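Reading through the structure tokens given below for one structure.
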Ligand SMILES: [Zn+2]
């Protein structure tokens, strides 16, 4: 596409019939990127004329979803703008006068056929005076008079030239019997009056385009440029069922702990391919690199595994402090941080340090709860013998394990309590235990890790011990020794042979 000559104006026009799904969010994002890339305006308009389908609260929910994604709009129902109102239900007078003008010009006619039935054709040929007379007393729809021989051609920015014959379009209904506009009519009138220059929308709207072109032609208005985005398939490369699509809501990914920039990234790749092999883009990078020439015709596959991967990639890009800020709601819900603990508090500094320890384990924000629980759990609750694998139980409660734990406890008690407790100091203490016991490798570190964290794997042990501090480390070692004493360890028990007997 060449640089647009006029200022670009695009719109996202959802119907408030349900939550924001990935399909709608993808359309909104592509319009947003298009507007920002070309320095134009992004308009949000609510198509709510079909009152039976409107769901209370859906408009607010959809707008909240767009806001969470960071797709700020320049004009819309909540922020206003020079071409408002931005809800079609508030523009009914405009549609009626526009339809009236077409009837006056002979480009549209009243249809007196019962709603939902095909027009038998008699309405089309009624003499204008008779039609006018009946309009005053009989309920009627307004239909466009589409010349059968007409041809509607448009150049889709992705698909190239497309051609439709008038007889395939039919006499489109503009106004229904209740005086409300059809979707087709409202969209054309609104896009024209809002000076929309480019319409980017899903491929499922392709059959609407010739009908809308017929309406533009009847008014003598120049249509906007059209760009139809490819279908979205599910991970099995099948067309998404209604139920598939209904499950894939933006709120679901937000609640799972996806970062908005990762969701935006995954949505951008649904039909747009960047140049080069890079896949991880911030929203700003997307705005810079986005180009309609990168939009393809072939269907795009939505793979939740890709979202997981991209979310991890975006998490990695955040500083410890920024990541901790994003994780704060989870920390508060878990009771690790009080709502009044500000970013200057000790609690906050400890939380940032905890995030530094476990951040490698996070794919989604919510993963922080299981990942960091061992740090915040009370010292006497960290070790749950019943939850350990048989191998871990053997390593901790066997003679070598008990020896390692007892030696670590001894070394802790022997150290100068005034000496600073750093990862280096903790590592030196572990080295001293190694020298004193003659144990090394797994035989030394697994029982100590289990005692300190209750887990077999995790961050580097000296870093964990530094975070816990010598007092909590000591309590955890004491707790492990007490547990070992309670469990009359049966030397015959080996990995995989069931639960330990209790004495
Ligand atoms: Zn009729």
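Backbone N, Cα and C define each Cβ position, glycine as well.
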Open item on the list: motif ''HIGH' region' per TrEMBL: which of the ranges 3-13, 14-24 is that?
Closed with: 14-24
Open item on the list: motif ''KMSKS' region' per TrEMBL: which of the ranges 224-228, 229-233, 234-238, 239-243 is that?
Closed with: 239-243
TODO: Determine how many residues of the motif ''HIGH' region' (14-24) DSSP places in helix, in strand and in coil.
DONE: 3 helix, 1 strand, 7 coil
- [ ] Take the motif ''HIGH' region' (14-24) and find every residue of the same chain, 6 or more past its ends, with a Cβ under 8 Å from one of its Cβ atoms.
- [x] 44, 46-48, 50, 53-55, 58-59, 61-62, 65-66, 202, 232, 240, 245-246, 248-251, 267, 270, 302
